[in-house]
Amino acid sequence: MAATLDLKSKEEKDAELDKRIEALRRKNEALIRRYQEIEEDRKKAELEGVAVTAPRKGRSVEKENVAVESEKNLGPSRRSPGTPRPPGASKGGRTPPQQGGRAGMGRASRSWEGSPGEQPRGGGAGGRGRRGRGRGSPHLSGAGDTSISDRKSKEWEERRRQNIEKMNEEMEKIAEYERNQREGVLEPNPVRNFLDDPRRRSGPLEESERDRREESRRHGRNWGGPDFERVRCGLEHERQGRRAGLGSAGDMTLSMTGRERSEYLRWKQEREKIDQERLQRHRKPTGQWRREWDAEKTDGMFKDGPVPAHEPSHRYDDQAWARPPKPPTFGEFLSQHKAEASSRRRRKSSRPQAKAAPRAYSDHDDRWETKEGAASPAPETPQPTSPETSPKETPMQPPEIPAPAHRPPEDEGEENEGEEDEEWEDISEDEEEEEIEVEEGDEEEPAQDHQAPEAAPTGIPCSEQAHGVPFSPEEPLLEPQAPGTPSSPFSPPSGHQPVSDWGEEVELNSPRTTHLAGALSPGEAWPFESV
């Protein structure tokens, strides 16, 4: 009984071993199939120049190695169906049953020793018979298993071969499609498979192959190629090209998709329309600019041009303080300002002169104009300068009045006086007007009394005579008045001298070519000037 149990246990062990072997064989076949598919896909990727994990050198050697490895891996799969043969084979399969039989005989002898009554039941023949049956049963089961496994393996091999052929056909179609696409031939999309990768569809890259042999770390599909120097230089050239080109819109749209390009063009048109409307708002109906600082702008500045450097100046032109001073424009502006200031001073100075008493101021202005037309420099110099000191410095002598004389000629003197008047225009304006109004009545009577016997030989202007002040040219009374008489028409009536004599005296005692108004107080010069 123990021998039968041992033989059954041996048969069960053989069956378990067969099952394990079959499971291992199937697992190996599955692994081999997967490995072969991966290797085939890797080969295709290498042919197209997209394989990242493949080594960069010796690709022909690698192909041979892959073929050898695939053959080596196929070897176990071809032998694997015969793995269950040794237990059931007649040639080399006798040793396990014999060993099992010997083990069974040993166990039977031990059982004899334990139970001598069972010895005649177990005999050599019986043991051999069971051993023979043990040999026969594994042989039959092994034959069936081998036939089934062989059939399955053949089916698997056939399917794998068909799959590989299909994959090769699909990859060939994809490669042909990509090749035609590069050459410009349009064909329908190729058949897709589970290993299809859109990054592989540009075919092999000879340049990337060469760069990879040079140990380049960048992939051939990257922007600019494997050479990083070309990437950097390409960026610089692209920027310079965008600056130098007619517009950057064409360059920008090259890297856009169709949808992005359409959106960008629509946005660009809207912005251009808004800009044109804004420019129209800044123009008058006649086409001129509404603002003065826009007069120098041209239509070319508002188009997409290669010179963005000038944009900040026009952008900040709206602010007056940031406007760059241009010499011609700035000079014209100053001349206009001077003209306006002089005309304003003329209007202010002419207000008190409209009355009867202060005829001297208007007379001086008239004489300034007449002398200027006659080109005589002598009477011009003292008339605007000498009365300037009179409102504030009453006791000053006539020779001291022209002491600060201008060294340059008349034109420069006029400019200097104009500048001083602009600087100190409204300092003494109110004071002088008040003094003029207060002393109007005091001046009228003495002026008429003293001017009748006095002589005005040549320096008296015709305008004074036209106003009705009589002058006798035969009676010169200038010498006794020069040292002691006050120089101002605003002095008290007792020591007052007429304006005509005072001007005459100033003309005679002052140098004709010198004309110093710079030393005068700045606020005293304005009422007597015509410029």
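Cβ coordinates come from backbone N, Cα and C, glycine included.
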Where Swiss-Prot places coiled coil among the ranges 1-37, 149-185: 149-185
Which candidate, of Ser137, Ser472, Ser510, Swiss-Prot gives the annotation phosphoserine: Ser137
Record-annotated phosphoserine (source Swiss-Prot) among candidates Ser109, Ser255, Ser335: Ser255
Neighbour count (Cβ, 10 Å) for Ser255 (phosphoserine): 10
Residue distribution over DSSP helix, strand and coil in the compositional bias 'Basic and acidic residues' (258-279): 22 helix, 0 strand, 0 coil
The compositional bias 'Basic and acidic residues' (148-185): DSSP-derived helix, strand, coil residue counts: 36 helix, 0 strand, 2 coil
